[in-house]
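Each remark here refers to the structure printed beneath this line.
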Amino acid sequence: MAPMTDAFSAASIADPMIPRVARVVKRKREIADVVTLEIEGGAFDFAPGQFNMLTAFGVGEAAISVSGDSANSARLVHTIRAVGAVSRALTELHVGEPIGLRGPFGRGWPMVEAEGRDVIVVAGGLGLAPLRPALYRLFAEREKYGRILLLFGARSPADILFRDELEAWRGRLDVEVEATVDHARGDWRGNVGVVTTLLSRAQFDAANALAMLCGPEIMMRFVANALLERGVAQERVYLSMERNMKCAIGWCGHCQFGPVFICRDGPVFPYSQLRGLIAKKEI
C-alpha cells in the first residue's frame with residue numbers, strides 16, 4: 001500500500017479540493033505575531049500574488065498568500081499572522097512537521113502589464129508579504145521596468161516586516177524605498193504618519209505608472225484615490241483583496257464580493273473593477 005502522503009499528493013493533482021502533504025523545512029519569527037514558513041514537498045509553480053490553502057491537520061485550513069520568490073520552485077514560502085485558531089496552529093508548526101497544501105489559486109499581480117512603466121508598490125503591515133514575490137520579480141528583471149518605488153507603512157517600528165530585506169532594498173541605487181509608522185518612541189528617526197503621506201511626495205510619471213497595493217482595505221482605498229488624484233489611471237491601480245475563503249475555486253460563496261469571488265476572480269483586482277464596491281460597509 002502506498003504511503004498516505006503519496007496517496008494525498010496523487011489525488012491532489014486531479015482534484016484541487018484534496019491537499020497534498022508537504023513538510024516545513026524552515027521557520028522564522030518575523031515579528032511578535034508573524035511567522036514565515038518554508039515548505040518542501042514537490043515542485044511548486046506560482047505567479048506573484050497567488051495564494052495557497054494551508055492545512056494545520058486536526059485544526060483546519062486557511063488561505064495564505066505566497067511570500068517567496070516565484071523563481072524558486074523547490075520551496076514555497078508563506079508569511080502568517082496568528083489571528084485565529086487555524087493561523088495560530090500554522091504559526092506553531094515546527095521544522096519537520098507536515099502541512100497540507102492546495103493551490104496555487106487566484107489571479108496575481110500584473111507583472112507583464114507593468115513592463116515599461118514606473119511601478120509604485122504600496123504595502124501596509126502584513127500586506128508586504130503578498131507583494132514580496134512581485135518585488136523579487138521587479139528586481140530580478142529590473143531592466144524591464146521604469147522607476148520602482150516601495151512605500152511601506154506599519155503601526156510601529158516593532159511591526160516592520162522583513163526589516164533586513166527592507167534595509168537591503170533601501171541600499172539599492174535603482175529603487176526608492178520609504179517606510180513610515182503610525183506611532184513611534186525612542187530612537188526611531190524615520191517617518192511618522194499614514195502611508196499616504198509618503199505618496200504625496202513620491203516622484204513618478206503618472207501617465208505611465210502602474211500601482212500595486214496590499215494592506216487594510218481603508219488604506220488601499222485612500223491610497224488608490226490619492227493615486228487617481230495624481231493622474232494614475234484607475235485601470236492601472238491594482239489591489240489585493242482578502243475575504244474568508246473556504247473552497248478557493250469559487251464554489252462555496254464565502255468570499256463573494258458583490259458580483260465577484262475573491263478566490264477565483266482575484267485576489268488581485270484593478271481598482272476600476274472594485275471602486276463602486278470597496279467603500280460599501282455591507283459587502
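From the backbone N, Cα and C atoms, a Cβ is placed for every residue, glycine too.
Here the structure is a predicted model, which means the values were calculated and not measured.
The [2Fe-2S] cluster site recorded in TrEMBL includes Cys247, Cys252, Cys255, and the single candidate from Cys214, Cys263 that the record places there is Cys263. Across the residues of the domain 'FAD-binding FR-type' (17-111), the predicted structure has a mean pLDDT of 95.
The most densely surrounded of the binding-site residues Cys247, Cys252, Cys255, Cys263, judged by C-beta neighbours within 10 angstroms, is Cys263.
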